[in-house]
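**Q** Have a look at this one.
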């Protein structure tokens, strides 16, 4: 049966069972949902909606017909009249495709009203479905731009969703003897360019599609030359998190003809857009070939369908996706794919942290069903036991305090997302305790990434949420943090005799402001550089770690200049957003259910093999450390 035939059946059933005065105007597939448009959507009871969802075995959404929605300008005026001024409404964002209006305010409780009474008044007055949220304390240009794109291109976005819906909901029933296989196109026995390719007789799913920013040849990108891979056959792309080694090439897929959905959490959508734009800007400035443009990033945004943790969604014929917290960075997810009607279950961890941090809760380790687990191995080697976080924080603050005491500057190269915010929390506490007294400069994308963090407090740890909401203390707003707004600010910081701490991207000194700071501050022994994250082989960061005393770097005139390395060099591994060996093994021990097969990826050769070997000894299950271009039949 075609998707059109299925939709017609659903339409007939809805019209037959819906209240007569609901006035059904349309029923459509939009992405994974069946969307029912009605002039009086409030007449649909929760029981009737549940009955439809059970009968159709699909996610259901009831939305007001566009004709009954009050014009946004008039609707905003009505909202401001209904809601008490004390709520301090700062913005109203109207989404014509969903019929929702996001109401940002400093006191969302007043927008809700007693037992939701104010929300009901708003809905009756404007017909839009109100969604109150707390105003982010730091405005985000990225979120603003994404919302503007989605509003400006709303007609195109609706067409995209309907086209995707028809592809998802075509009638497909996998036989009991159907096969499931995964091809490893990148990130196997290496770190960088992560890309998995799940295949069934009816569907093709790409999970992550990253870039290895440490290399410049074809090894920077996944193996799109694999014989089984065809960009025209991809049904969906899933993104586990926003680091470039997992999401860096996704806009490139659109450049070369992909026209399907991208599934990720909302924070991942926003953060990956930020990183992709930054990657394009830096690559262009360095005169290198850029694999895609800002137009391709915009196209990616329009095709992105955000998912919440724990929500199961149809993403392709006979494949359902559920995303679970991975504990790595904001919005990071474990991608659990359910194939067929109980036929097979495979989960890919992405990058995981199985330990609570200041910022995030630990990774989820319990699933309804699981036959194959694909797990990262960044620190999977026998000797990869990282120091305890408390001890690492003390050592970090000691290095900072000593550097400031000798009137030096501490350069801390970091990924703009995740580790930067963790370190901000440590530095804020150290400053409050009087361990050091100097400004912390935030350069590169760190300020904007932090703004995005403040927009999604529900993804932060319970302790952070309590501190922000109940104690009224947002550490990201501390007076110690100073935004570096432009190159003049950067030059003034480098030329100043005053001590300071510089949090800057990129984390491996593969580009961005961190390289400029290093060039200008490396020869002064009063200064220090503190590595808090993994440094890939071949990067400037790895060379500094190895103790190079002189490093040739390109100057502004295009000529190579030898930079003397006199500053003190420190490496602190305990801040990693990855699980170390102990945490990885603990994760496998806690995993429920224990899968039949464990595959190790995302690590240097020895680390992937070591973790696979240990997993076999512990669980006596099939284990393997696949190589790039391997294909494994899972079922």
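Glycine residues also receive a Cβ, built from the backbone N, Cα and C atoms like all the rest.
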**Q** Looking at Zn(2+) 1 binding as recorded in Swiss-Prot, which candidate out of 225, 259, 308, 351 goes with 241, 243, 328?
**A** 351
**Q** Select one of 570, 602: the residue that Swiss-Prot places in the Zn(2+) 2 site alongside 245, 246, 351.
**A** 602
**Q** Counting by DSSP secondary structure, give me helix, strand and coil numbers for the region 'Metallo-beta-lactamase C-terminus' (578-635).
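**A** DSSP composition of the region 'Metallo-beta-lactamase C-terminus' (578-635): 25 helix, 12 strand, 21 coil.
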**Q** Relative to the Cβ of residue 602 (Zn(2+) 2 binding site), which residues of the same chain, six or more apart in sequence, are found under 8 Å away?
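**A** Expected: 187, 188, 191, 194, 351, 376, 377, 378, 608.
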**Q** Pop the Cα-Cα gap between residue 246 (Zn(2+) 2 binding site) and residue 328 (Zn(2+) 1 binding site) into the table, whole Å please.
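**A** If we compare the Cα positions of residue 328 (Zn(2+) 1 binding site) and residue 246 (Zn(2+) 2 binding site), the gap is 13 Å.
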**Q** Mind pulling out the one from 1-69, 70-137, 179-383 with the most Cβ pairs under 8 angstroms to the region 'Metallo-beta-lactamase C-terminus' (577-635)?
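**A** Against the region 'Metallo-beta-lactamase C-terminus' (577-635), the leading stretch is 179-383.
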**Q** Taking the recorded Zn(2+) 1 site as 241, 243, 328, 351, identify the other residues of that chain whose CB atom sits within 8 Å of the mean position of the site's CB atoms, giving them in sequence order.
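**A** Apart from the listed residues, the neighbours are 240, 242, 246, 326, 329, 332, 350, 418, 577.
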**Q** Around the recorded Zn(2+) 2 site, report the further residues of that chain (criterion: Cβ within 8 Å of the mean position of the Cβ atoms of 245, 246, 351, 602; site residues excluded), sequence-ordered.
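**A** So the additional residues around the site are 187, 191, 192, 194, 208, 210, 240, 241, 243, 350, 376, 378.
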**Q** Quick check: in three-state DSSP terms, what is residue 328 (Zn(2+) 1 binding site)?
**A** coil
